[in-house]
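Have a look at the structure below before the remarks.
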């Protein structure tokens, strides 16, 4: 079945509110129809209000880069999924390797966040991916499969069909190394196969799987030609309006 592509930029800890607004103003009027592709940017928490406000009359969707799994409480420094929904966010990125690595987030944390995100009417973009050691040991499929199963445990089939999975090999994030087209296809298919095993083929056929890891305007078309790659989660190339728009040239 045909799945609508989704291109999402992850700004990470970059841009102040003025820069975020300028970016949205530069790209908003130039984006293709939502019939063709969903386009989103994941802004830092400090930029979300500005980014959502600037994007509100356009087709650009806005993601948060993280949230907590409780709506309110004594959780200093955390972001409420309930408030993200009230602000007008569309997506929340969870399970990014930087969160797992630097902030010691576990599969259980990510699963709780996925449930909280759905409970508040938002859509999770659930990241998964292996280290270079795991890849070179030939254990990538097994490792990433376990991440996906754990992250989605206890969700309904309907919820899983509607979310986004982002496969990002850790060795390709910000390193300039990128997975080959075959690597990307094989791993995104492996991710989809886990969904099929856990939730059935119909759900697996609906869920969108992105590839991430040094995706650039020069290579996005190759990745998007893969039958099991439904989009891209893009870091560095999403920081400039020109290169972000150029990522959408794969449609032509």
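The backbone N, Cα and C atoms fix where each Cβ goes, glycine too.
Substrate is bound by 10, 11, 12, 174, 235, 236 in Swiss-Prot, and the record lists one more residue there from 131, 149, 214, which is 214. Remark: of the binding-site residues 174, 235, 236, the most isolated position is 174 (fewest other Cβ atoms within 10 Å of its Cβ). Here nothing among the binding-site residues 11, 214, 235, 236 falls inside 10 Å of the CA of residue 96 (active site, electrophile). In this structure the C-alpha atoms belonging to residue 174 (substrate binding site) and residue 168 (active site, proton acceptor) are separated by 11 Å. Within the same chain, residues at least six positions away from residue 11 (substrate binding site) with a Cβ under 8 Å of its Cβ are 20, 41, 42, 43, 44, 47, 65, 238, 239.
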